[in-house]
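Enquirer: Below is one structure. I have some questions about it.
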Amino acid sequence: MTSVLEDPTLERHFKGHRDTVTSLDFNPNMKQLASGSMDSCLMVWNFKPQMRAYRFVGHKDAVMSVVFSPSGHLVASASRDKTVRLWIPSVKGESTVFKAHTATVRSVDFSPDGQALLTASDDKSIKVWTVHRQKFQFSLNQHMNWVRCARFSPDGRMIVSGSDDKTVKLWDKNTKECVHTFFEHGGFVNSVAFHPSGTCIAAAGTDSTVKVWDIRTNRLLQHYQVHTAAVNGLSFHSSGNYLITASNDSTLKILDLLEGRLFYTLHGHQGPATTVAFSRAGDFFASGGSDEQVMVWKTNFDQVDYSEVLKSHKARTEQPQPPPHIHDIPPRSPHTVRQVPRPAVPQTAAGQNSTVPHSLADFSLTSADVAMRDPVHAPPAPSVGATQPLEKQTIPPQLANTLEHIVGQLDVITQTVSILEQRLSMTENKLREALDNQQKITLQVRPTD
């Protein structure tokens with residue numbers, strides 16, 4: 001290792017929900033965080049201190065899942081009221097709604113290209129929709145019980161789903177067929193996710209375990225029993241080297257996938273930790289719990305130079321291994337688990353946020369963050385001790401602000417046009433129905449010869 005390992009730190013927390021937080025997702029632009037709750041509300045938290053949070057009200061029952069579109073222009077929410085809503089994450093909070101299932105919608109996800117929506121429900125089905133006009137595409141129906149979670153693969157070609165039938169299923173989006181079923185879980189499957197490389201999947205369930213499979217060989221790679229209660233959520237780090245989990249035992253666990261061991265145990269929530277999510281670049285992660293709080297953490301430990309780790313591993317195996325893939329490496333020797341103590345979290349008024357000493361600022365991305373997002377096109381890593389400038393320092397502040405304003409206005413115009421198209425479509429449908437009814441009435445009153 002050529003750089004110092006640092007522990008995760010609690011950077012900020014938000015309090016505004018009135019019930020358990022069920023789901024979290026970072027806006028790809030790193031300016032917002034969305035959260036869903038059993039209180040039927042969707043909250044969008046703005047990281048700039050002067051901006052207040054947005055509370056979006058529209059669902060008639062608990063919000064079970066939230067996710068930003070790849071562009072960050074939309075937020076999708078799934079609810080116990082059987083609907084899915086698409087929101088514009090601005091102060092107006094405009095949304096469109098459609099009934100997606102005949103029972104609770106547990107999960108919603110955007111395809112990598114942002115053109116499709118994936119939903120999973122207590123009606124035992126998984127459905128795919130177009131984002132534009134929310135047109136139904138097809139349904140996947142082989143699960144025998146509630147489907148808790150479904151996710152697209154990074155290339156959008158595969159779908160993974162987890163169910164209360166204790167199985168994890170892998171689907172081919174093009175053929176609409178189940179290509180494999182994993183039966184290893186001893187309880188309900190609460191959460192599933194694809195590894196960033198697309199070659200592996202992870203699942204967590206009520207049996208307190210986390211499992212990782214290689215979908216090329218359908219082989220169980222790793223099996224973790226680090227929690228003492230049901231595991232509610234999980235999220236891969238963008239490097240593919242770490243997996244974070246949230247459990248009813250009130251802890252977050254960070255797993256080192258390269259070494260196959262528990263890396264950190266984080267205490268912060270008072271009661272079950274219900275959801276957790278890494279940011280797209282992996283430099284931050286957020287957690288939510290039954291204590292109604294949303295916590296934002298700075299990762300820190302992901303700043304280690306992994307080139308040395310990879311070189312040593314290649315030397316042992318004498319076979320080149322690309323960085324994004326999980327290696328089936330058993331623990332080498334007992335390790336001391338780093339435990340981050342429970343932070344003292346100040347209470348704030350509902351709907352407001354408080355900032356701990358280290359501010360998140362505006363989440364400025366360095367080239368190191370770009371490297372974690374796209375290792376193929378990333379610039380070379382700097383040498384140890386080298387100062388790495390921020391990418392946006394090359395643009396004058398006035399020009400940057402002007403461009404940001406223009407982009408924001410274009411986003412608003414784009415979403416306004418989309419909403420107008422949807423309303424025009426609804427008007428066309430109503431007009432068609434009215435014409436059909438008029439023709440029926442004309443036929444009924446036409447005199448007979």
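Just so it is clear, glycine is given a Cβ too, placed from its N, Cα and C backbone atoms.
Because the structure is a prediction, the values reported are computed rather than measured.
From TrEMBL, for reference:
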REPEAT    14-55  repeat 'WD'
REPEAT    56-87  repeat 'WD'
REPEAT    98-139  repeat 'WD'
REPEAT    140-181  repeat 'WD'
REPEAT    182-223  repeat 'WD'
REPEAT    224-265  repeat 'WD'
REPEAT    266-307  repeat 'WD'
REGION    312-356  region 'Disordered'
Enquirer: Under 8 Å, at least three CB pairs between the repeat 'WD' (14-55) and the repeat 'WD' (266-307) (pairs 6 or more apart)?
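Expert: Contact confirmed: at least 3 Cβ pairs fall under 8 Å.
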Enquirer: Counting by DSSP secondary structure, give me helix, strand and coil numbers for the repeat 'WD' (140-181).
Expert: 0 helix, 23 strand, 19 coil
Enquirer: If I take every residue in the repeat 'WD' (224-265) and average their pLDDT values, what number comes out?
Expert: 97
